[in-house]
Amino acid sequence: MTKFVFVTGGVVSSLGKGIASASLAAILESRGLKVTLIKLDPYLNVDPGTMSPFQHGEVFVTNDGAETDLDLGHYERFVETRMRKANNFTTGQIYKSVLEKERRGDYLGKTVQVIPHVTNEIQDFVKRGAGWGTPDAVDVAIVEIGGTVGDIESLPFLEAVRQMSLKLGPNNSAFVHLSYVPWIAAAGELKTKPTQHTAKQLREIGIQADALLCRADRPIPKEEREKISLFSNVPDWAVISMWDVDTIYKVPRMLHEQGLDGLICDKLRLSTPPANLKRWDDLVYETAHPQGDVNIVMVGKYVELSDSYKSLNEAIRHAGMKNHVRVKIDYIDSETITPDNVTQLAKFDAILVPGGFGIRGVEGKICAARFARENKVPYLGICLGMQVATIEFARHVAGLKDANSTEFDPSSPNPVIALITEWKDADGSIKTRDENSDLGGTMRLGAQSSDVVKGTLAHKIYGDVVTERHRHRYEANVHFLDTLRKAGLVISAFTQREHLTEIVELPQSVHPWFMGVQFHPEFNSTPWAGHPLFIAFIKAALDHQAAGKALKAVA
């Protein structure tokens with residue numbers, strides 16, 4: 001039977017529940033257990049797909065086309081299990097499901113209430129995410145509850161997991177609570193009172209934590225941990241210090257050395273081999289011992305919040321490790337880039353233009369793509385980054401004056417990028433939309449395969465077929481492809497059903513490394529394997545750097 005670990009948070013948000021949950025899952029997986037993770041988000045949005053990146057950060061897309069919380073990206077990078085739609089749900093989804101059941105008459109005329117109907121629905125969703133009662137059932141499901149204890153929004157979730165723990169019976173569930181222990185500089189000490197209070201709030205709800213993870217900017221001394229233990233009704237050996245580290249890949253070892261996985265296995269009566277964290281140790285060693293540095297610039301619309309590009313940042317770092325270098329990423333707001341100042345990009349070894357929505361900052365991205373093309377700087381455009389590269393090429397090489405996307409200029413005489421009206425979804429179903437369709441849930445989403453043209457840079461990287469995850473509404477307009485090809489643009493991958501453009505590039509005889517992809521390869525990168533596209537991109541940046549040094553040496 002599947003056992004559950006419920007992870008809650010207190011005092012403040014953004015303490016790292018996702019990293020803590022993923023790290024615990026990684027340790028349990030190293031013990032030979034089949035593990036999955038589920039994220040419960042207490043907001044009323046059906047999913048984060050229409051939320052601003054400045055508010056929510058990145059929207060992580062699963063293979064089956066779910067737009068989910070960025071924590072699912074952490075989960076996939078830490079464990080072998082691939083996340084699905086069932087691994088993330090929101091209050092909006094819960095209420096939507098409950099109201100649909102009420103309309104169908106499923107409740108047989110009863111008054112529909114938060115308890116038991118909403119709480120039962122939450123429990124059903126959690127079990128579905130764990131594959132409960134199916135051949136896909138896991139040994140342990142780690143359930144992360146978003147928000148903080150004390151929030152009104154979180155109460156139905158906390159009540160649901162309290163009830164679920166009771167129904168599961170002894171030794172089938174455990175509670176891990178993450179709290180904050182601030183360092184007060186004026187007093188010169190760590191303060192445990194916030195953690196004492198949040199543990200008390202949790203008990204008032206009816207939940208007793210089995211382990212407390214105490215976040216601080218430094219290791220918490222034994223005396224403070226004993227004090228927390230006394231006032232939180234948690235054994236001192238279950239009060240675990242979680243301090244700031246220079247890489248998140250140190251966290252599994254940190255938690256293991258303090259016995260968190262042993263505590264959980266004892267609580268759940270799980271008999272397993274010892275944890276084997278060698279690959280984590282090797283990973284940390286690799287990050288700490290680079291053989292060089294490479295500098296890339298990301299020209300984006302949401303650079304004020306680095307979480308907006310979380311998976312992309314990680315994918316670049318993974319590729320750096322595979323090339324044995326440390327990648328330094330500079331972020332430049334595309335709104336600030338103009339033809340007059342675009343030469344500031346010359347100091348970088350490569351240029352990356354990520355995805356985005358809306359017209360703001362687009363001309364700056366087009367300037368960046370033009371600079372990379374004309375100055376033979378390695379360029380990788382992702383989603384919108386591929387589209388702006390296509391627009392730039394159309395304007396300045398193919399002679400299509402005023403070329404644009406219908407997203408930015410619906411009346412453009414040369415709409416080289418246009419709205420997709422029909423496509424095959426990740427589940428194989430045919431989807432349609434038009435300009436009047438809702439924004440939410442109407443994009444081309446999830447993993448889809450494309451055929452790669454032989455003799456191209458894309459084929460060197462991917463081989464015959466590329467399967468990547470998508471999240472977009474607009475595509476290269478098929479009516480302009482012949483014109484673009486004749487001007488020298490290489491269309492190196494097409495979708496298998498609709499023959500939509502998936503990858504564009506320049507011939508290596510013209511540019512050493514210039515590529516735009518319509519999909520989001522960052523969602524498939526892991527610290528163990530990296531990702532072939534990003535590995536090739538960083539290698540190109542290194543080659544560009546070496547060529548620049550050689551020119552300076554000659555001069």
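Glycine is no exception: its Cβ is also placed from the backbone N, Cα and C atoms.
Swiss-Prot lists Cys383 with the feature active site, nucleophile. Listed in sequence order, the residues of the same chain lying 6 or more apart from Cys383 (active site, nucleophile) and placing their CB within less than 8 Å of its CB are Pro354, Gly355, Gly356, Arg471, His472, Val517, Gln518, Phe519, His520.
Annotation source Swiss-Prot lists active site at His520 (among others), citing sequence analysis. Residue density at His520 (active site): 23 other Cβ atoms are found within 10 A of its Cβ, drawing on all protein chains shown. In the three-state DSSP classification, His520 (active site) falls within coil.
Long-range Cβ neighbours of Glu522 (active site) (same chain, at least 6 residues apart, Cβ-Cβ under 8 Å): Ser311, Leu312, Glu314, Ala315, Ile382, His531, Phe534. Annotation source Swiss-Prot lists active site at Glu522 (among others), citing sequence analysis.
Under the heading CTP binding site, Swiss-Prot lists Ser13, Asp151, Ile152, Glu153, Lys191, Thr192, Lys193, Pro194, Thr195, Gln196, Lys227. If you draw a 10 Å sphere around the CB of Ile152 (CTP binding site), it holds 8 other CB atoms from the protein chains shown. In three-state terms derived from DSSP, Ile152 (CTP binding site) belongs to neither a helical nor a strand segment and is classed as coil.
For Ser13 (CTP binding site), the count of additional Cβ atoms within 10 Å of its Cβ stands at 12 [all protein chains shown]. Secondary structure at Ser13 (CTP binding site), as computed by DSSP, is coil. The UTP binding site feature in Swiss-Prot is assigned to Ser13, Lys191, Thr192, Lys193, Pro194, Thr195, Gln196, Lys227; the stated evidence is sequence analysis.
The number of other CB atoms found within 10 A of the CB of Gly16 (ATP binding site), across every protein chain shown, is 19. Annotation comment: Swiss-Prot describes Ser14, Leu15, Gly16, Lys17, Gly18, Ile19, Asp71 as ATP binding site, evidence class sequence analysis.
When secondary structure is read from DSSP and collapsed to three states, Glu144 (Mg(2+) binding site) falls in the strand class. Around Glu144 (Mg(2+) binding site), the same-chain residues six or more apart in sequence whose CB sits under 8 Å from its CB are Val7, Lys17, Gly18, Ser21, Leu37, Ile38, Lys39, Leu40, Asp71, listed in sequence order. The Mg(2+) binding site feature in Swiss-Prot is assigned to Asp71, Glu144.
Within 10 Å of the Cβ of Leu384 (L-glutamine binding site) there are 27 other Cβ atoms, across all protein chains. Look at Leu384 (L-glutamine binding site): DSSP puts it in a helix. Residues or ranges marked as L-glutamine binding site by Swiss-Prot: Gly356, Leu384, Gly385, Met386, Gln387, Glu407, Arg473.
Here Swiss-Prot flags 295-547 as domain 'Glutamine amidotransferase type-1', drawing on sequence analysis.
According to Swiss-Prot, the feature region 'Amidoligase domain' maps to 1-270, an assignment based on sequence analysis.
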Among the binding-site residues listed here, Gly18, Pro194, which has the most company in the form of other Cβ atoms within 10 Å of its Cβ?
Gly18
Cβ neighbour count (within 10 Å, all chains shown) around Leu15 (ATP binding site)
19
Measure from the Cβ of Thr195 (CTP binding site) and count the other Cβ atoms within 10 Å, all protein chains considered.
31
Quick tally, other C-beta within 10 angstroms, Asp71, Glu407; top of the binding-site residues is Asp71
Cβ-Cβ distance under 8 Å to Thr192 (UTP binding site), same chain, at least six residues away:
Val181, Glu224, Lys227, Ile228, Phe231
